[in-house]
Each structure stands twice: as structure tokens, then as C-alpha cells.
């Protein structure tokens with residue numbers, strides 16, 4: 001569960017003039033990542049993530065945060081007696097998905113946010129906490145689940161099997177692939193699972209970010225060749241998101257790229273009639 005405030009270095013060596021112009025455009029617009037994906041075109045049609053149930057497994061959000069329209073529920077699955085986010089990770093992730101502040105817009109501001117606190121203030125978590133939280137996400141019928149977290153242990157069978165159960169219940173799981181690049185075979189779990197949308201990061205030159213983990217997957221080795229991962233790459237460098245209580249900040253990492261994709265997913269799910277979402 002990590003992202004970092006990366007230095008602002010961009011290299012355009014060897015690009016054509018048109019590529020340079022596009023890169024400059026991206027650099028000017030990077031604070032509003034929603035504009036790079038054309039989210040405003042769907043907003044104008046009335047699609048803003050309404051009635052999409054978004055589970056954010058992270059460090060929570062303050063209940064009265066001014067950037068969010070629709071915080072539906074906050075639950076605590078840790079051994080700490082607090083519902084607030086004292087680190088900022090969960091708030092930032094939620095802001096990228098559903099923030100409505102003009103300086104750091106999210107993709108789907110009307111999404112119903114369900115904030116699951118699964119990490120302590122010391123950034124500690126346990127499999128048992130996740131299993132309980134996953135069970136609750138299934139019980140309350142989430143549509144999308146974002147995990148801007150991960151680890152190297154794909155042999156944690158109870159966790160892996162519960163992820164399978166999550167996706168078998170038609171919950172779309174989006175997860176960061178990890179910040180252990182540029183070496184190959186550095187994927188984090190659960191983003192390396194075949195039923196999870198694993199998200200890598202790119203910069204504004206459309207190059208894979210140096211920090212982004214990458215495949216092949218190592219589950220099958222030495223009995224196979226592994227699988228191609230990540231599934232999707234998204235802008236993950238210098239993205240704007242919400243601070244703990246008010247205001248915006250800029251961060252980098254696949255933990256940032258993951259909610260970019262999760263926000264897009266919420267926006268697209270809101271286009272589907274509510275009574276047909278689980279069928280699809």
C-alpha cells in the first residue's frame with residue numbers, strides 16, 4: 001500500500017512534433033486526469049456514477065469530508081477504535097474515484113462510497129480482517145471494489161480463494177499491480193490473479209513508469225510460462241487527489257493508477273441499467 005511523490009521529470013527524446021505537442025497537452029492537463037479520459041462527455045449525458053456501489057478497501061475517509069457527495073457507509077475491520085483516515089491514503093484514493101472538488105475532480109462523483117478500513121495507522125493489516133471485510137462486501141452487494149494495495153504472497157490461499165469468491169459474485173475488482181519495477185516478475189497479489197483487473201502505471205509520455213511492477217506472473221513457474229500482466233495501464237504519475245480533511249495534493253504510484261481505472265469503471269457501470277448490471 002504505497003505511492004510516492006515522484007520528481008517532475010519527463011523525457012521526450014526521439015518523439016515526433018505531433019507527439020511532443022500531445023505530451024505538452026498532457027503535461028498542462030495532468031492535474032485533471034478525468035479530462036484525459038473524456039469523462040466530461042459522459043457527465044454531459046447525465047452519467048456520473050449514480051447508484052453504483054463502490055467499495056474502497058484502504059485507510060478510510062472522514063465522514064464530513066467536503067469533497068464527497070455520497071459516503072454511504074464507513075466500516076472498521078481493524079483492531080483500532082477509529083473510523084477516520086489518519087494517513088491520507090484512503091482519502092486520496094476515494095478522491096480520484098469520486099471527488100468533486102474543482103482542483104482535483106474524480107471520475108464518478110455520484111458513486112456510492114463504502115469505505116472499508118482494513119489498515120491501521122501503522123499501515124498494518126491481517127488476512128482475517130480482509131476476509132471479514134470481503135464477506136461483508138459480498139453480503140451488501142457491491143458493484144466495484146478497489147484495492148490500492150498488494151503484496152508478494154500469492155500463496156495466502158484463504159485470501160486468494162476469497163478474491164475468487166468476490167469476483168464470482170460479479171463484483172468487479174480493480175487492484176494496483178505494485179511499485180516494485182522496473183524488474184520483471186514483480187507483480188503484487190491480488191492484482192496478479194486472472195480474475196482481477198491488475199493496474200500498472202504510465203507517465204504522460206505514455207511510457208511505463210519506472211516504479212510500476214510488471215509481469216510475467218510467477219504463479220506458474222517453474223511449471224509454466226506465466227501470464228501477461230498488468231491488464232490495464234493508466235496515468236499514475238503526479239495525479240491530483242483529496243487530502244485528509246480539505247484541499248488537494250499530487251501523488252504518484254500504481255496506487256494512484258488503480259483508482260483512475262476504478263473511477264472509469266464506476267462511470268461505465270452507471271450507464272448500464274441498474275437491474276441488468278449483475279447479469280452483465
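In case you wondered, yes, glycine gets a Cβ from its N, Cα and C as well.
Annotation comment: TrEMBL describes 49-274 as domain 'Peptidase S8/S53'. The feature active site, charge relay system is assigned by TrEMBL to 58, 89, 255.
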What's the CA-CA gap between residue 58 (active site, charge relay system) and residue 89 (active site, charge relay system) in angstrom, rounded?
7
For a quick check of understanding: among the active-site residues 58, 89, 255, which residue's Cβ has the most other Cβ atoms within 10 Å?
255
Integer Å distance between the CA atoms belonging to residue 89 (active site, charge relay system) and residue 255 (active site, charge relay system):
9
